[in-house]
Ligand SMILES: N[C@@H](CCC[C@H](N)C(=O)O)C(=O)O
């Protein structure tokens, strides 16, 4: 099996092109291939598939073998992959996702190679009942959540996949390994959740660190950055355009007032290609 190792701000993926449908063994392969000691090592396994509704379809399997509905950093990698390989001409394309419909993508190239990608991530879903939470509040803004002797307050935002955004004094130094795993599987979230810890530095810049559902601590999360911006606007903390600074770098996020869509701009890069030999 041929693969390409790619990343968006250090959120890394094993990208596979050429299958007609998602293979039955995709979940098992994700666990093996994403393993950082016995496999290739990655946060997720990404398939670029044919689509009846868009130029391509993306499917993303987390490193624990569970499938996610959407992935912002992976969609930029997919866009770069198909454009750089000449599978799609021009500076625009569409990519279908499992949980967020068809997304429109704009490419920014240097010498014909894609460097930056702007994605229309669609409208956020703020109905608390549509994301995996048992909280009967719509939308869920600043709801208390207890873990051990600590009480956090979260805002729920779905970008096709579910997010809980929590404001802390110092997101950069938050103890992700203590709080992340416990929040991910909290009883309020029967289908688990991605957790973003955020610190708003000014109305146009937010530090964010993420514990991802099914992958743990990652260097960046595109949908998490979108959810953080939406949450920050809802909570009156930022304007509708802000830089979200992650461990792996910055994403620029806009929540457009006219179409209600969230737009994400950031880089994507190839690291190496290879051949997977294990079964
Ligand atoms: N890193 C991603 C999100 C990947 C999926 C997530 N772990 C989930 O289970 O929802 C991003 O860049 O958006």
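Including glycine, each Cβ sits where the backbone N, Cα and C put it.
What TrEMBL records for 11, 62, 72, 73, 161, 194, 212, 213, 222, 223 is substrate binding site. In the three-state DSSP reading, residue 72 (substrate binding site) counts as helix. A simple way to gauge crowding: the CB of residue 72 (substrate binding site) has 30 other CB atoms within 10 angstroms, across all the protein chains here.
The feature active site, proton donor is assigned by TrEMBL to 71. In sequence order, 44, 46, 58, 60, 161, 222, 223 make up the list of same-chain residues 6 or more apart from residue 71 (active site, proton donor) whose Cβ falls under 8 Å from its Cβ.
Marked as active site by TrEMBL: 71.
Here TrEMBL flags 221 as active site, proton acceptor. Proximity of residue 221 (active site, proton acceptor) to non-local residues of its own chain (separation of 6 or more, Cβ distance below 8 Å) is seen for 11, 72, 73, 194, 196, 210, 212, 246, given in sequence order. In the three-state DSSP scheme, residue 221 (active site, proton acceptor) falls into the coil class.
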Determine the C-alpha span of the substrate site listed in the record, that is the greatest distance between any two of 11, 62, 72, 73, 161, 194, 212, 213, 222, 223, in Å to the nearest whole number. 16
Output the one of 11, 161 that, of all these binding-site residues, has the highest number of other Cβ atoms within 10 Å of its Cβ. 11
